[in-house]
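Worksheet for the structure shown next.
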Amino acid sequence: MIKQERMQVINQQEIAHCIFELTVQGALANEMAEPGQFVHIRVADSFEPLLRRPISVASIDLEASQFTMIYRAEGRGTGLLAEKKPGDTIDVLGPLGHGFPVEEAEKKAYLIGGGIGVPPLYELAKQLNACGIETVHILGFESKQAVFYEDKFRKLGETHIATVDGSHGTQGFVTHILNELPTDFDTYYSCGPTPMLEAVQWAYPQKKGFLSYEQRMGCGIGACFACVCRTTKSETDYIKVCSDGPVFPAGVVIS
Amino acid sequence: MSDLTVKLPGLNLKNPIMPASGCFGFGKEYAQLYDLSQLGAIMIKATTVETRLGNPTPRVAETASGMLNAIGLQNPGLEKVTEQELPWLEKYDVPIIANVAGTTTEDYVEVAKKISQSPNVHALEINISCPNVKQGGITFGTDPDVARELTRAVKEVSAVPVYIKLSPNVTNIVSIAKAVEEGGADGITMINTLLGMRMDTKTGRPIIANITGGLSGPAIKPVALRMVYEVSQHTKLPIIGMGGVTNVDDVIDFLSAGASAVAVGTANFVNPFVCPEIIGQLPERLHELGFDSVEQLVGRSHRL
């Protein structure tokens, strides 16, 4: 169930260049059902900035009623969010949208992420591992300074890193790594920039895949029609990234 | 206890607060969050004859204390709205104001005729002011003669009272208000969004794919208030005021300026519970200001 709550900040730290990890606590955390869902955060109680910010959830701790988000502080809104300290409270609306279906994986899954699309794959990897699914992580970043959670992913399975400038791991995009890897997996999950999702989809036309899309949002709950995409299901219909997604089976979204 | 009820043509409102059209879909999303029967009314999303897919994305951009949108009247079309969306809303004890849009007068007439016959539609809001569509929309709302004739045509076929939604993107909003009054309108809703744009400073490109969008949010409240104040002095028609309403004091301001009821738009995106919160706070705020009823406040500024 969607809740709006003033959640308490438990921890906040910069874990890579301009990348922040923020943990909050409150009853809303216990509503989290699927990895890949997101929350909509009001970064200030003023009118400026006005709109909420959609932030993905990187890790859920139901026992402690906490969850952790990872976001890039690049604009005014996320910059203000980065100033929140333990003990502060923030207005959170969530959980929103439909996440990655864990039950669709059978034995082995590829988790393919790019930049700020990497965080939701961490909770997904944890849940897949808990179900006995082997996970292989292929993660792309801009440069060495932008890499985060590499060790955490390694603990959960085979992990490959690509950086655009080649300062860490393989030089290039995640697709450069995918070309070298075997295709002995049954399901893939991906989150990142739309061109990356497209490339992943093209790479594995025969595989079962689930892609998490990004789009500018207004309300986050499906009422404003800002974040729509065309769908392959019907020429006269549309889907909303916020409430129908953000995760869709491969082949559904026309991007 | 303060009396929150408001009587308007076609509408016996239990309170003067309603979500504005385009900011509330057809209610389903907000129904997950609270009981829609608490609301004074619901202005549902614009309905056109045909299914509309709207404009390309990005469709929204944030601005200082506001937002720009260019959704482009996306909606499932008259048939689906009357057969699926409106019956679903019947389980709530709340009057529906159906927003009607079109490309031609014939479109408006067709939608108005059919949608006004739905049992829970108590009034129509005729959208002659959408700034985000190339044909129809605002083109009907900027010329007094065209606005008057469209009002007449819709009034002839509508089974319920007709409110005309005015655009702020005109030189003289009073002349449009007078024209729709002459055309037989039962009321006015105002204002729609202000045409604006925002650039991506790095690339120099407009952020909204449609280039321009409609500005809404707290930034436009002073413009909306001024226009409600002006129009209420020059017509006898009741006004449902809107534009940047985010809290109970904004509601007081619009009532004081001459609005009989108030719609809340963009604020729903910032705080999805804003409408029931305002409704809950209104009795105490009225009492603090020394009023027993909402109706005592309407047009207060003109009597001072």
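Just so it is clear, glycine is given a Cβ too, placed from its N, Cα and C backbone atoms.
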Name the one residue among B:N127, B:N247, B:N268 that TrEMBL lists for the same substrate site as B:K45, B:N69, B:A70, B:I71, B:G72, B:L73, B:N192, B:T193.
B:N127
Which single residue out of B:K80, B:K165 does TrEMBL record at the FMN site shared with B:S21, B:K45, B:A46, B:N99, B:N127, B:I191, B:G217, B:G243, B:G244, B:G265, B:T266?
B:K165
Given the recorded positions B:K45, B:A70, B:G72, B:C130, B:T193, tell me which ones have a C-alpha lying within 10 Å of the C-alpha of B:S21 (FMN binding site).
B:K45
Expressed to the nearest Å, what is the distance separating B:T193 (substrate binding site) and B:G243 (FMN binding site) at their Cα atoms?
8
Please report how many Å separate the Cα atom of B:G72 (substrate binding site) from that of B:N127 (FMN binding site), as a whole number.
12
Cα of B:A70 (substrate binding site) to Cα of B:N127 (FMN binding site): how many Å, rounded?
15
Cα distance, B:C130 (active site, nucleophile) to B:G243 (FMN binding site), nearest Å?
14
